[in-house]
Structures are given as C-alpha cells and as structure tokens.
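Look at TrEMBL and you will find 21-241 tagged as domain 'AB hydrolase-1'. The region 'Disordered' annotation in TrEMBL covers 122-142. According to TrEMBL, the compositional bias 'Basic and acidic residues' annotation covers 125-142.
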Amino acid sequence: MLTITVDGIPLHYRDEGHGLPVLLFHAFPLNGDAYEKQLKALSGRYRFIIPDIRGFGRSGLGEGPTEMARIAQDALALLDALKVDSAVVGGVSMGGYASMALLREDAGRVRGLVLVDTQATADDEAGRARRETSAQEALREGPEAAVRALLPKVVATPDSEVGREVAAMMRTATPAGLAAAQRGMALRPDSKDILARYAGPALVVVGEKDPVTPLEKAKQMADLVTGARLEVIPDAAHLPNQEQPEKFNAVLDSFLSGL
C-alpha cells in the first residue's frame, strides 16, 4: 500500500503506469478505486496518480471540514514527494472541485485540466443548508443515507452491476468522512474566475443523463476556458468513467494523447 503522511495524516494513493502524469480526484462519496477501469485500459500509456481523498478509502481524516483547498494541498504534497513537477489534473464531481482548487493553489503545476460532471459555481444558501442536513444524516445513519439519497441520481441504471459496484463503494465511507466532505464542499468558493484565467488545455465531460450537474453546467465551464473541449457521454449520469468506461476512456485518451 502506498501512503504519504501530510500534517500527520496518512493519505493512501495509487501510482500506476508510465508516461504523462495524470492526477485524478475521485467523486463523493467514493475512493480512488473508482478509476479502476481507466487504470486497466490506459496505464500502459499514462502514469496515473490517484489519491484517496482524506476521509475516504484508506486515507485518514484529520480535523474539521474537508475543504477543497486542503485536498489540493494534500495532492501538491504528494506530487512533491513523487518529484512530479506538473501533471494533468482532473476529477469527477467533488474531484472536479478539488481540481479547480489545485488550479487556484498552483496553476503552474497543471499541465492540462479534466473536469467531469462538476460545476464552477459555489453552493447557494439553500445548497449549503442541504449539505449540512446530509452531514448530520451521515453522522446519524452512516453511509446508507448517502446511498439512499445519491445512487438514483449518480448512476443512470442504479439496479445494474455498475450501480451495485457504486453502492458498495459508497458503503465503505465513514460517517465522519462523509460529514467532513459535505461541510467542506459547502465552503468551496466560486471558481469561474480561476477557469477564466486558465490558459492551458482543458477537457470538460458530462454524462448525458446527469441530473446533478447537467449539460448547462458543463457548457458554462467549457465557455470559460479558451479552446476547451466539451464531450457528452451517452447513457451515463454523474459517473461516466464508471458507467460507460469504454466511451469515457476513448475521450480521455484522445485528449491526453494530444498533450
């Protein structure tokens, strides 16, 4: 097991493959194993660095909310430890928030940007209140509350093999990790400004059936970055890399191979 300690917190990560470094952040409330199908298909051409965000998978949690800036700082410490000067940085959903936070922390480390089923806008007051309600439910009920609330939204076919895999991964999350992440996401800033300043290559991906961060959110991000590429994955909701891995991998490979 590969682990780095940041500020006393053990953080697990995977470092697999060879070639262009690609740092990927997973969605809430999953872990780095969500990218298993990308590793199997593409690690022969790219070096994937995939952390378990603090509080998920095999990573420790720490104190207070898991803010997106903290996730970005953890990842920068990981890149430093691995002696990686720059990488393509991307993520799904919460992982997209973390990617934009890393871009804000140190844009010089970002060789390319991949934003999947995420959004540049911050939560409004109602959204922050919903996250706090979800955090309290997680502390009372554990991950089953997240499975019940999220699975029908994040997977186009919840009663499928992929749906069952996603649900099983959700159930590995801890109550404290779930609550800290919800509270951290509620604190994230609007990121439209940082995207508008970004001048590098960008890929924006959205599942055709995503009700959480639908196509208009993806278009907004793509319009902010000059030359950004927008791709819609058919028959996928919020987790296209898991729901439609072959289609997603083809899009990702096409983008990465051009860098």
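One is the number of the first residue shown, and numbering goes on along the chain from there.
For all residues, glycine too, the Cβ spot is worked out from N, Cα and C.
When the compositional bias 'Basic and acidic residues' (125-142) is classified with DSSP, helix, strand and coil residues number 17 helix, 0 strand, 1 coil. Per-residue pLDDT, averaged along the domain 'AB hydrolase-1' (21-241), amounts to 98 for this model.
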